[in-house]
2 protein chains.
Amino acid sequence: MAKSKKFVYYFGDGRAEGKGTMKELLGGKGAGLAEMTNAGVPVPPGFTITTEVCSLYYKNNRRVPARVDSEMVAALRRVEKSLGKRLGDPADPLLVSVRSGAKFSMPGMMDTILNLGLNDETVKGLIEKTGNERFAFDSYRRFIQMFGNVVLEIDKNEFERLLEMKKEEKGARLDTELSAADLADLVGQYKKLVREKTGKDFPQAPMKQLELARNAVFRSWQNQRAITYRKLNDIPDHIGTAVNVQTMVFGNMGDDSATGVGFTRNPSTGEKEFYGEFLTNAQGEDVVAGIRTPHPITALGREMPAVYKQLRSITSRLEQHYRDVQDFEFTVEKGKLYMLQTRTGKRTAQAAVNIAVQMVKEKLITKEEALMRLDPQQIDQLLHPVIDPKAKIKVVAKGLPASPGAATGKAVFTADEAAQRGETEKVILVRLETVPDDIHGMDAAQGILTSRGGMTSHAAVVARGMGKPCVAGCEEIKVDEKGKKFTIGETVVKAGDWVTLDGATGRVILGQVPTIEPELTGSFSELMSWADKIRSLKVRANADIPHDAKVARDFGAEGIGLCRTEHMFFAAERLPHMVEMILAETEADRKSALDKLLPMQKSDFKGLFKVMKGFPVTIRLLDPPLHEFLPKRENLMVEVNTLKAKGGDPKTLAEKEKLLARVEELHEFNPMLGLRGCRLGITMPEITEMQTRAIFEAACELYKEDKVKVVPEVMIPLVGHVNEFKQQKAIVEKVAHEEMKKHGVKLDYLVGTMIELPRAAVTADEIAREAEFFSFGTNDLTQTTFGFSRDDAAKFLKVYTDKGILPKDPFVTIDQGGVGELVKMGVAKGRQARKNIKVGLCGEHGGDPASVEFCHGVGLNYVSCSPYRVPIARLAAAQAVIKGKSKHAYTTK
Amino acid sequence: MAKSKKFVYYFGDGRAEGKGTMKELLGGKGAGLAEMTNAGVPVPPGFTITTEVCSLYYKNNRRVPARVDSEMVAALRRVEKSLGKRLGDPADPLLVSVRSGAKFSMPGMMDTILNLGLNDETVKGLIEKTGNERFAFDSYRRFIQMFGNVVLEIDKNEFERLLEMKKEEKGARLDTELSAADLADLVGQYKKLVREKTGKDFPQAPMKQLELARNAVFRSWQNQRAITYRKLNDIPDHIGTAVNVQTMVFGNMGDDSATGVGFTRNPSTGEKEFYGEFLTNAQGEDVVAGIRTPHPITALGREMPAVYKQLRSITSRLEQHYRDVQDFEFTVEKGKLYMLQTRTGKRTAQAAVNIAVQMVKEKLITKEEALMRLDPQQIDQLLHPVIDPKAKIKVVAKGLPASPGAATGKAVFTADEAAQRGETEKVILVRLETVPDDIHGMDAAQGILTSRGGMTSHAAVVARGMGKPCVAGCEEIKVDEKGKKFTIGETVVKAGDWVTLDGATGRVILGQVPTIEPELTGSFSELMSWADKIRSLKVRANADIPHDAKVARDFGAEGIGLCRTEHMFFAAERLPHMVEMILAETEADRKSALDKLLPMQKSDFKGLFKVMKGFPVTIRLLDPPLHEFLPKRENLMVEVNTLKAKGGDPKTLAEKEKLLARVEELHEFNPMLGLRGCRLGITMPEITEMQTRAIFEAACELYKEDKVKVVPEVMIPLVGHVNEFKQQKAIVEKVAHEEMKKHGVKLDYLVGTMIELPRAAVTADEIAREAEFFSFGTNDLTQTTFGFSRDDAAKFLKVYTDKGILPKDPFVTIDQGGVGELVKMGVAKGRQARKNIKVGLCGEHGGDPASVEFCHGVGLNYVSCSPYRVPIARLAAAQAVIKGKSKHAYTTK
């Protein structure tokens, strides 16, 4: 940031020193006030102290440079001149508000002080001028309370307690029932409280009040609330806040005064209607506080027709001016309308879509702008059921929002039980963590809840793939799988109890809660068609079975980028053959087990090819370590030793011991870095042969039956050295030719590889000389580049993001500085060796907007993500193109 | 390789078409024959068919191009002309030998055929010419046998069986007792055997014999023996062999004939003496076969003084000519001396050292050449005890030669038993695999034997660090830790039985075997001092305790490059405090446990600093996952469940369950990629504080006590993101300043990091802006770059190197194409950001000569290796400089 010469920007009388584009320097609010002033909108005059001063404040050991003070005084003088009032003038005091305002809106996170300028003298002037003693003392009381809390850091409840006592004393139910005398007395009590707590008198000098209030606003940038909000909303810490000092106007000066808030369009539905509410003779906070019920804004038209007309005209102009829905605040003081704030209106995902499309039709914005108006993350809401916002719910715990959507069902604690009960009733599978052989239970459940694991744990990844709600890593709950219950503090939830999950927020709710199905409006598909025309990056889906492929197609996927063949082996009727294959002691036994699996795999592929008719299908050969298919080693050890201790059946014992022996042989310290991926196919080439045979038999038969020509893309996983690839490619080509010859069918096919190890990225040129396509497996690449086990990192990653060591969970959004550098290197080296090599990315990052933008930027041909995130990726890919084209700073914030 | 125009090179009559530098084309033997011929040495004439023909043979579907045949005939005619004999001439037949000869000597690995040219007709001519019927038929018999075996691929034993039957029939004990008639009869039987086995007659046409024999030699390049030998000796497969066809001369033509072999210096000791043996009236193979006891070569001086004088003169000239010890073969045929071969003599490590130094003193070679003559791997032999070569031993199994040296002791099966018995007797610790808490047992044992794990398994790494013999991954033995025994087939070895390990070869030997202590001769230290003057790469050692540091200094280490602080925590009196720290439920409890560890760590560091007075000491903060310090999860699970099944003591059960609960919390799927390295210090900053305090208290106290100023280099492990480093560095600096202030001592110190994750290499510029030194941890970097778990990869790495997918185990020699690229990137980026950053490498590769050369090449400042490999690294570092300077192709082969 270049050092600015000016620290304070004045606005008022139809002219402002700043303007709307200066959000970085003046904050959103300050820029808006300047813009409105310049546009001739009636705005109470004031000035903005820049965000640079905030940086200086922190650099300068929490002090504001003296030059700022002098600029501030000068600006204040202009305000005073404009209004003919002076701060601290006992006869006709100027009162001001002091508010924060950062580049990005952070509603309620930082502090505000109203009615500044009041003291024991000026309050008298206010009474004189307004003729309203009650109003004046109430304003003074409120000022002391806000100042006391915000600037002097006295607990808010201390003031509230005095107020309550006064109300009790007077038998008052509402604040408004207190008289001017009561309030004057309360002012005295408040001042006494300030003296007690701070050892000093409440500052009477208005300039002193102003300096202290300004500094307190800067200080509030670093309060815990604000820090947390920024982290949650990806707002950088360094940008700082501006401070806006603005003349107070009062909506509570009689029945010709009013205050209100509104939107230029309905923020829930997107409908084009003037939307909002107001109260006559009230202050802004009364509207928000809900003590009096505000009226719909249309009623203002009846009560103050001229003001209403002016307001509609101003807000329409503001919408036209900003070319987006405005969220505004206004006050009417004695018949005169003041606009206090205008900003881009926040809206629901559905409203966002409708408004964007509507505005294109109104020719207010372009299609590109419409696309940029949407937050791809937000539209995820539209693709899953949500909890009925009207429902009363009891949230008992919060975990990670691992897979969006709402689900209700009875708690079950084993995959088998889920599979069994799930046939006739709705169940939620609750586990410490899930493992691959829980897949049938996950499939049968409405949703999944785990107490361990992160956003990319097994449960999370599989659930997202299935489009099923999942709350993962919910550490507050203690799961007792054997006891079939979980507890949160004193609350015990047993098997069969109703539980509801909100996968979009991570909430765990007791009982049955009504959910609302998503509605894919016409506007949504219209928008997506615009996105498709703009984007250059293709979007594929990760899908293993025909059902998922169907969903993917319906969501607009242009192929399958990752079919994980191992998921097929976990099905109940197949697992025994898989186990037989693994336990085989000779190659012949292994082949015989594989022969039984062959027809099953073939029929899977045939089903997939049929659904994806005309689109490419990338099939990854067997990837996970074999022990994932076997019982857990430690459980077997316990079983064997318990059997021994109890003197159990010797035959069972012998069988278990034999199984344990094989499991021991396969045991690995770090299975993630062990015998998996192409290492399986290299040490047991029969597996590669069987899988290839299944692929090509399926493709050949389909061609003969339906004349559908499929282009299978056979993908070798976990290649680190080109020789691994060569060896596996030779097997694939041999079997492919055998099958094509046998069936008399000639098919085009590709043999390519995952790039998911740093070594593969570093030697991508060598590999590209052999491989016909690359698919970056950034899940594994992130694991090895960082040395983070996805299953174990949740614990310390939380500490890392909390302490700001990592800006983001790198399993959610690709780490551009490290993993991304390797991806870039891989693409560059790959294309250098094979100019037209097809390069994609499959895995979790394929559905993350920031990562999709990165993929577009480095020139990938496609991303592949879970079927339910395909629309998100399509939108993000279009936005990436638009961002790339635009020289202006588009932003989705 | 440029295509040569010439395929066949003639030599004879004092002139050869080839020369000594043409090893690549003519093979070592062919080049030697040409060189000798040109030098006027009497060599039987012949010709060499080039290695290019071998390549063509394989490219050409195992056929030799026709042009080679014509060149070969032309060369043969020159030989015939030179001798006045013709191949196949029934009156005076020329006989030739056909031998392989690759660029690198592969003794006995490929095939040889002697006496080629004999058939039913020429054998008569030979009888006539020599007057020795027995000799002629014996030669013919031998020829058919060799030809039948090598060319026609008939099992050698089939011929041996016929010979044995004949001897039985004749009551002969030795071959020599058979008469000419017996041998003639045997020739008939052999020819019949050939017809039976091949369906064809034994080829009588000498030209056909020659073609077939030549092709068989080319074929033998790919026999299993040769392939294995090349793999073991790092000889590339593509270079191929040449074929040498040479006139036969006979040392068995009477008492004026003889044959022998020799060395120009003693190859065992290096002494300058004419060394060798011979037999009169014998053929070469008789000397080797050991049927007759050969005489020492000096006896030749008495028996054939003129020949002896000529031989000494020739071999002296050859040594001068080649400037190295010659290993030669000669034959005296009827008083005429022929040199059949000369080549660089293989020698023991000790001889190599002595000869190199001696030759420098003789001004035969330069110091640089002397250094290049040594194989750094080989000198490892000089640093460890070896098995007495005279001892009779019973090898029962062979594992991986994981840590060199010979050790004898009684087998024990637990670390505790090793520690206990090891106090009073010699023990060998036998385990399935070792874990960090076996360290006290490993320390007490003479050697370690494991049935699992690779060259870089825990056992191997720790043993090498300790300089203790280790045979790892010996899969042939079945270890029954509970039953306290191991079995190899039928052999059972129980606790207390004597076992001997040869860590240099991987041999496991039953019983007690005498060993010989290494002798570090004066020559050795002289050579090392030359190396030190030449090399630019510094050599440090990995040492954790004062004893290891002492060894390192004695071996010439210039500092400690890696002090692993966790090893200190495994000691018996410390482990309980470590466990207490880990089990602590609050930060306060954890701090109290750490307070108990602090003085212990401090005294460790003080000890280390004292030994390393004046040299840098790099201390790595705690690195391993905490569960390594706790009992194993699965064992606890078994204990708990067994206690439950048996209804054991409830208090014990409750304790075990509590411990298990914590172990469960710490359990990780992939500990290698889990909560370890700097992640420990970041999540538990108290640990970093305690360790830093220990370092600086030690350094400050030492300064105050002894005025020794130490420069501690504090190393943060497993950094992947610069923010991790920053956070830890801040703690180190804070504590360092506190301690220095407290003691009133000002010390220089460095804070740096390991570069052991791909992300660290890729972002080394960012990290170098904060870090004052880098140390590449290529063990872990290899793990993450390849995605290979060091503890699990042994199984498939064997398949990988066997199938040629990887040329080498990348944990032994650095993978230049992948891991090396990341190292290069890390160095370049690091220096770009901080010009003078000190960059080293610690870990297994630091003691591997090829990796040391790589480190020198990429410009590292130092390598750090286990103390016992320091001399190897010093030599390798010097060789790297010499290789870099030289434009000639130096080679250590």
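Quick reminder: no glycine exception, Cβ is built from N, Cα and C everywhere.
TrEMBL: automatically predicted annotations, no manual curation.
Per TrEMBL, active site, tele-phosphohistidine intermediate is recorded for A:His458. If you draw a 10 Å sphere around the CB of A:His458 (active site, tele-phosphohistidine intermediate), it holds 23 other CB atoms from the protein chains shown.
Residues or ranges marked as active site, proton donor in TrEMBL: A:Cys842. Within 10 Å of the C-beta atom of A:Cys842 (active site, proton donor) sit 28 other C-beta atoms, taking all shown protein chains into account.
The annotation substrate binding site is assigned in TrEMBL to A:Arg564, A:Arg620, A:Glu756, A:Gly777, A:Thr778, A:Asn779, A:Asp780. Taking the Cβ of A:Asn779 (substrate binding site) as centre and 10 Å as the limit, one finds 17 other Cβ atoms among all the protein chains shown.
Secondary structure at A:Asp780 (substrate binding site), taken from DSSP and collapsed to helix, strand or coil, is helix. Taken from TrEMBL, the feature Mg(2+) binding site applies to A:Glu756, A:Asp780.
For A:24-62 (among others), the entry in TrEMBL reads domain 'Pyruvate phosphate dikinase AMP/ATP-binding'. Within its own chain, the domain 'Pyruvate phosphate dikinase AMP/ATP-binding' (A:24-62) has Cβ neighbours under 8 Å at 1, 3-4, 6-18, 68, 72, 75-76, 78-79, 82-83, 96, 99-105, 214-215, 218-219, 221-222, 238-249, 314, 317-318, 321, 336-343, counting only residues six or more beyond its boundaries.
Regional average pLDDT for the domain 'Pyruvate phosphate dikinase AMP/ATP-binding' (A:68-303) in the model is 89. Look at TrEMBL and you will find A:68-303 (among others) tagged as domain 'Pyruvate phosphate dikinase AMP/ATP-binding'.
The domain 'Pyruvate phosphate dikinase AMP/ATP-binding' annotation in TrEMBL covers A:309-363 (among others).
Here TrEMBL flags A:425-506 as domain 'PEP-utilising enzyme mobile'.
Taken from TrEMBL, the feature domain 'PEP-utilising enzyme C-terminal' applies to A:522-880.
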Query - Winner by Cβ contact number (other Cβ atoms within 10 Å) across the binding-site residues A:Arg564, A:Arg620 - result: A:Arg620
Query - Range from A:68-303, A:425-506, A:522-880 with the greatest count of C-beta pairs under 8 A to the domain 'Pyruvate phosphate dikinase AMP/ATP-binding' (A:309-363) - result: A:68-303
Report task. Return the recorded positions from the list A:His458, A:Arg564, A:Arg620, A:Asn779, A:Asp780 for which some CB of chain B is under 8 Å from the residue's own CB; sequence order; 'none' if the set is empty. Result -> A:Asp780
Query raised in the report: What residue among the binding-site residues A:Glu756, A:Asp780 has the most other CB atoms lying within 10 A of its CB?
Result: A:Glu756
Report task. Would you mind ranking the binding-site residues A:Gly777, A:Thr778 by how many other Cβ atoms sit within 10 Å of each Cβ and giving me the lowest? Result -> A:Gly777
**Report entry** Within the domain 'PEP-utilising enzyme mobile' (A:425-506), residues counted as helix, strand or coil by DSSP
**Finding:** 18 helix, 28 strand, 36 coil
Query raised in the report: Taking each of A:His458, A:Arg620, A:Thr778 in turn, which of these recorded positions have a Cα lying within 10 angstroms of the Cα of A:Cys842 (active site, proton donor)?
Result: A:Thr778
Report summary line: The DSSP breakdown of the domain 'Pyruvate phosphate dikinase AMP/ATP-binding' (A:309-363) into helix, strand and coil residues is 27 helix, 17 strand, 11 coil
Report summary line: Here the Cα-Cα span from A:Arg564 (substrate binding site) to A:His458 (active site, tele-phosphohistidine intermediate), rounded to a whole number of angstrom, reaches 14
Requested in this report: Between A:Arg620 (substrate binding site) and A:His458 (active site, tele-phosphohistidine intermediate), find the distance joining the two CA atoms and give it rounded to the nearest Å.
Outcome: 18
Query - Span of the substrate site, taken as the largest CA to CA distance across A:Arg564, A:Arg620, A:Glu756, A:Gly777, A:Thr778, A:Asn779, A:Asp780 (Å, rounded to a whole number) - result: 15
Report task. Between A:Asp780 (substrate binding site) and A:His458 (active site, tele-phosphohistidine intermediate), find the distance joining the two CA atoms and give it rounded to the nearest Å. Result -> 13
**Report entry** Nearest recorded site to A:His458 (active site, tele-phosphohistidine intermediate) by CA-CA distance, among binding-site residues A:Glu756, A:Gly777, A:Thr778, A:Asn779
**Finding:** A:Asn779
